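The domain '1-deoxy-D-xylulose 5-phosphate reductoisomerase N-terminal' annotation in TrEMBL covers 4-129. According to TrEMBL, the feature NADPH binding site maps to THR10, GLY11, SER12, ILE13, GLY36, ARG37, ASN38, ASN121, GLU123, GLY202. Sequence annotations record features per position, and here TrEMBL assigns 1-deoxy-D-xylulose 5-phosphate binding site to LYS122, SER148, GLU149, SER173, HIS196, SER209, ASN214, LYS215, GLU218. Marked as domain '1-deoxy-D-xylulose 5-phosphate reductoisomerase C-terminal' by TrEMBL: 143-226. The Mn(2+) binding site annotation in TrEMBL covers ASP147, GLU149, GLU218. Taken from TrEMBL, the feature domain 'DXP reductoisomerase C-terminal' covers 258-379.
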Amino acid sequence: MRRVSIFGATGSIGQSTIDLIARTPEAYDVVALTGGRNIARLADDAVRLGAKLAVTAHDGLLDDLRAALAGTGIEAAAGESALIEAAARPADWVMSAIVGAAGLRPGLKALEQGGTLALANKESLVTAGPLLMEVARAHGATVLPVDSEHSAIFQALVGEDMSAVERIIITASGGAFRDWPLADLERATVKEASHHPNWAMGQRITIDSASMFNKALEIIETHEFFGIAPERIEVLVHPESLVHALVGFRDGALMAHLGVSDMRHAIGYALNWPAREALPVGRLDLAGIGQLNFRHPDEARYPALRLAREVMARGGLSGAVFNAAKEATLDGFIAGRIGFTGMAGVVEAVLERIGSNEGLIDANMTLDNIRAADHVARSLADEEMRERAA
Ligand code: NAD
Ligand code: MG
């Protein structure tokens with residue numbers, strides 16, 4: 001029996017992970033499940049999977065969770081320290097699927113136990129890639145990518161030497177507004193941005209796909225995870241979302257990874273790695289699809305891509321600043337404080353204001369310094385949004 005824990009179990013990735021695990025419950029010993037406000041779902045899944053522990057991120061919901069688990073023998077806990085404590089419980093495989101920078105500390109704690117971390121939470125690589133990879137190395141832990149593009153790259157690299165890699169191409173669907181005239185983007189609503197043409201995902205990553213902030217995070221994720229130079233990472237808009245990524249080698253060969261748009265493929269690959277097991281995902285009918293399209297992204301439409309390159313060039317804690325400013329600005333868009341096209345300007349202004357603050361950006365990559373950079377970035381984003389609203 002493999003001991004598994006799922007962080008962010010109630011979300012989109014968490015539910016897909018549970019779907020796979022629940023197919024062979026006898027193979028897994030579920031250590032901990034964590035969630036947020038959806039107590040009913042968290043409790044139901046904990047009971048169904050026979051989890052030892054269920055944790056909600058919200059202190060105020062502890063009584064609700066306890067009530068939902070009464071008589072089941074499943075331990076209930078709440079709050080950030082309970083999440084960290086859950087991550088410290090030994091497990092062979094841990095899914096990191098909390099959304100946002102909040103996923104960093106539980107992920108690091110899980111790595112300290114030396115098992116395998118299946119990493120959907122790209123924000124932790126953007127915020128603290130070098131720290132995360134160093135903690136994994138120091139504890140003999142394994143990090144496996146779960147983002148579809150990064151799982152695709154990882155699979156294309158099996159048996160290859162990184163020194164033979166010339167470039168990596170990640171694809172982008174273009175998100176909800178890829179076919180909108182540029183002038184209309186200004187009036188795009190939260191509802192419109194929350195609908196992805198190809199993938200069913202959590203609301204935040206769906207909006208980030210429309211603005212390409214998601215792709216911006218993924219460029220940095222590629223750089224941090226695979227250790228490839230920023231100028232060797234390319235983005236292609238590919239509206240069909242069937243080719244997830246391509247790796248170009250020095251002999252000119254391109255290895256592409258294709259599959260239907262179903263995250264259970266990438267999750268299942270990380271779950272079964274290094275084996276490749278049967279998965280309940282659809283099979284591609286290429287003749288039925290007929291054609292695949294690719295084009296260069298329009299930088300005027302997607303300034304987030306340029307910002308990602310500036311962040312990688314600046315280095316240090318600028319990834320933490322970028323991610324935090326992006327999260328705060330996304331909160332602002334969802335709350336109606338700023339328009340869709342205003343988001344990139346706010347993030348850029350925060351990066352500019354903090355970029356010259358060497359004490360902050362070039363400080364050692366410790367959790368305390370990351371938290372400080374994150375905090376300053378969020379309050380500056382707030383200030384920038386207030387100024388624009390005035
Ligand atoms: P989601 O919003 O559907 O779920 C997020 C989960 O995190 C929920 O369980 C929620 O309760 C929990 N959570 C939210 N805020 C929290 C906090 N402050 N502390 C603790 N827990 C918290 O998100 P999702 O779409 O499943 O995405 C999860 C992660 O996976 C993100 O990092 C996202 O970028 C990444 N990812 C998602 C997809 C996808 O298809 N959904 C694809 C690639 C990568
Ligand atoms: Mg992705």
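Glycine is no exception: its Cβ is also placed from the backbone N, Cα and C atoms.
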Residues satisfying Cβ distance under 8 Å from GLU149 (1-deoxy-D-xylulose 5-phosphate binding site), sequence separation of at least 6: ILE170, THR171, GLU218, THR222, HIS244, ALA245
Summary of DSSP states over the domain 'DXP reductoisomerase C-terminal' (258-379), given as helix, strand and coil counts: 73 helix, 2 strand, 47 coil
DSSP state at GLY36 (NADPH binding site), helix/strand/coil: coil
DSSP helix/strand/coil residue counts for the domain '1-deoxy-D-xylulose 5-phosphate reductoisomerase C-terminal' (143-226): 45 helix, 11 strand, 28 coil
Average pLDDT across the domain '1-deoxy-D-xylulose 5-phosphate reductoisomerase N-terminal' (4-129), rounded to a whole number: 98
Filtered binding-site residues, from SER12, GLY36, GLU149, HIS196, ASN214, whose Cβ is under 6 Å from an atom of ligand 1: SER12, GLY36
Composition by DSSP (helix, strand, coil) of residues within the domain '1-deoxy-D-xylulose 5-phosphate reductoisomerase N-terminal' (4-129): 62 helix, 28 strand, 36 coil
Binding residues LYS122, SER148, GLU149, SER173, HIS196, SER209, ASN214, LYS215, GLU218 (1-deoxy-D-xylulose 5-phosphate) - maximum C-alpha distance in whole Å: 19
Close-lying binding-site residues around ligand 2 among SER12, ASN38, GLU123, HIS196, where CB distance stays under 6 Å: none
Integer Cα-Cα distance in angstrom, SER12 (NADPH binding site) to ASN214 (1-deoxy-D-xylulose 5-phosphate binding site): 16
Separation of alpha carbons, ASP147 (Mn(2+) binding site) and THR10 (NADPH binding site) (Å): 18
Beyond the site residues ASP147, GLU149, GLU218: chain residues whose C-beta lies within 8 Å of the centroid, for Mn(2+): LYS122, PRO145, SER148, HIS150, ILE170, ASN214, LYS215, LEU217, GLU221, THR222, ALA245
NADPH binding residues THR10, GLY11, SER12, ILE13, GLY36, ARG37, ASN38, ASN121, GLU123, GLY202: largest Cα-Cα distance, in Å and rounded to whole number: 22
Alpha-carbon distance [ASP147 (Mn(2+) binding site); HIS196 (1-deoxy-D-xylulose 5-phosphate binding site)] in Å: 16
Greatest C-beta neighbour count within 10 angstroms, which of the binding-site residues SER12, ASN38, ASN214: ASN214
